[in-house]
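See below for the structure under consideration.
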Amino acid sequence: MGNSLVLLKGQRIYQLDLFRFLAALSVVFYHYFFRGQAADDLSGLHFYEFGTYFKYGNLGVDLFFIISGFVIAMSISDLSVSNFVISRIVRLYPAYWFGVLFTFLVVYFFGMPHFNATVNQFLINLTMLEGFLHVKYLDGVYWTLSVELRFYFLVIVLLVVRKYFKRSFEIGVIAWLLLSIFYAFNAHTPLIKLLNLFFILEWSPYFIAGIMFLMVYEKTAKYYHYLFLVLCLLLSIINAIYRISENEMHYHLAFSPYVIGLVILFFYILMFLVTSNKLGFLNSKKWLAYGALTYPLYLIHQNVGYIIFNHFGDVMNKYVEVFATICSMLLISFAVNRWLEIPLSKWLKAKLKGLKESYIIAKN
């Protein structure tokens, strides 16, 4: 979610800004038109007429992960480990800190009886490590950041090894793919469950696919990279279908494996078309502004939106309310990006680089 888009030889891939924004909107629609009413009594607004369509909106996260793999693989080509860590902190934390504070204040003062939060929970959530410390997320969407952090950790390990062995990154990715294949057919064995904690094998095919798409984009892909892409597609669909039973038990609704498979196939085709330069007509700078809204929107929309629905659901037309809420979230996201995320990121980057330089001087 928190990946900035990249430059290659001075060319920004604006299509990915558009795709990230549309993926974020699909998650928003999933939460507002399906998730809130379907289980756990989260939302006071019911949109049963739309639930059939938007119950698949959470698959927008899957597209996020593919784009993340692509962006991170491109960004590390000339980055040291320390610079990679700095770039990730600067990109993820400023908007996240606002999202945590904003959500905490709304939940703390207006969330009851459906939502609650403690100061201790708030403080731990600020670290972005709550998922590893078994502390409840202030907003359920934060689980994807725990997945991203584990991906970054694996990238850091490969970067460290790459200093001593040049082909370590490619070999590491292939080994990761082999583990992913093993996971798809042995997901419930104790060893695989343990490996999944470290190697995020449930979601790894998306990140690996993103890395393969980079090779397509740079025109360095060999035949076996295309084979890896096909394997990633199949594994992505298999893992998504495995999750159907869990969703059906939770929501007491049927989910179509065919729809899920087709949506994931569409994501892969979309990324292939972009990376093989078949969607050049979409490469417009105007999508940059939409991409900038994506991360703040993703962070703030869910629980705050539900609380708005619960407080005003009886006094306002539900369609007007949900439209007004979505517009409000977009406006807040715009403000967060322009007046908080951008300046705070610059300040944080300068501070972290200063600390790095001070450490190097002290070490020498």
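Each Cβ is built from the backbone N, Cα and C atoms, and glycine gets one as well.
Note that TrEMBL annotation is computational and uncurated.
Record features, source TrEMBL:
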type	residues	note
TRANSMEM	12-33	transmembrane segment
DOMAIN	13-337	domain 'Acyltransferase 3'
TRANSMEM	53-74	transmembrane segment
TRANSMEM	95-115	transmembrane segment
TRANSMEM	141-161	transmembrane segment
TRANSMEM	168-185	transmembrane segment
TRANSMEM	197-216	transmembrane segment
TRANSMEM	223-242	transmembrane segment
TRANSMEM	254-275	transmembrane segment
TRANSMEM	287-309	transmembrane segment
TRANSMEM	321-340	transmembrane segment
*Would you mind giving the whole-number mean pLDDT across the domain 'Acyltransferase 3' (13-337)?*
96
*Mind checking which residues of the chain, 6+ beyond the ends of the transmembrane segment (197-216), have their Cβ under 8 Å from one of its Cβ atoms?*
62, 65-74, 147, 150-151, 154, 173, 176-177, 179-180, 183, 187, 222, 225-226, 228-229, 231-233, 235-236, 239, 268, 271-272, 275-276
*With pairs 6 or more apart in sequence, are the transmembrane segment (287-309) and the transmembrane segment (53-74) linked by at least 3 Cβ pairs under 8 Å?*
no
*Listed stretch, out of 12-33, 53-74, 168-185, 254-275, that has the most CB pairs under 8 angstroms to the transmembrane segment (321-340)*: 12-33
*Spatial neighbours of the transmembrane segment (141-161) far in sequence, C-beta under 8 Å, 6+ residues away*: 1-2, 27, 61, 64-65, 68-69, 72, 76, 79-81, 84-85, 88, 92, 96, 125, 128-132, 168-169, 172-173, 176, 198-200, 203, 207, 298-299, 301-302
*Answer with yes or no whether the transmembrane segment (53-74) touches the transmembrane segment (168-185) by the criterion of at least three Cβ pairs under 8 A, sequence separation 6 or more.*
no
*State the residues, same chain only, that lie 6 or more residues beyond the ends of the transmembrane segment (12-33) and have a CB under 8 A from a CB inside it; answer 'none' if no residue qualifies.*
1, 3, 5-6, 43, 45, 47, 50-51, 53-61, 63-64, 67, 70-71, 141, 270, 274, 279, 282-288, 290-294, 297-298, 301-302, 305-306, 309, 322, 325-326, 329
*asked:* Quick test of the contact rule: Cβ under 8 Å, at least six residues beyond the ends. What residues does that give for the transmembrane segment (53-74)?
replied: 1, 3-6, 8, 16, 19-20, 22-35, 38, 47, 144, 147-148, 151-152, 155, 203, 206-211, 213-214, 217, 236, 240, 251, 253, 255, 259-260, 263-264, 267-268, 270-271, 275
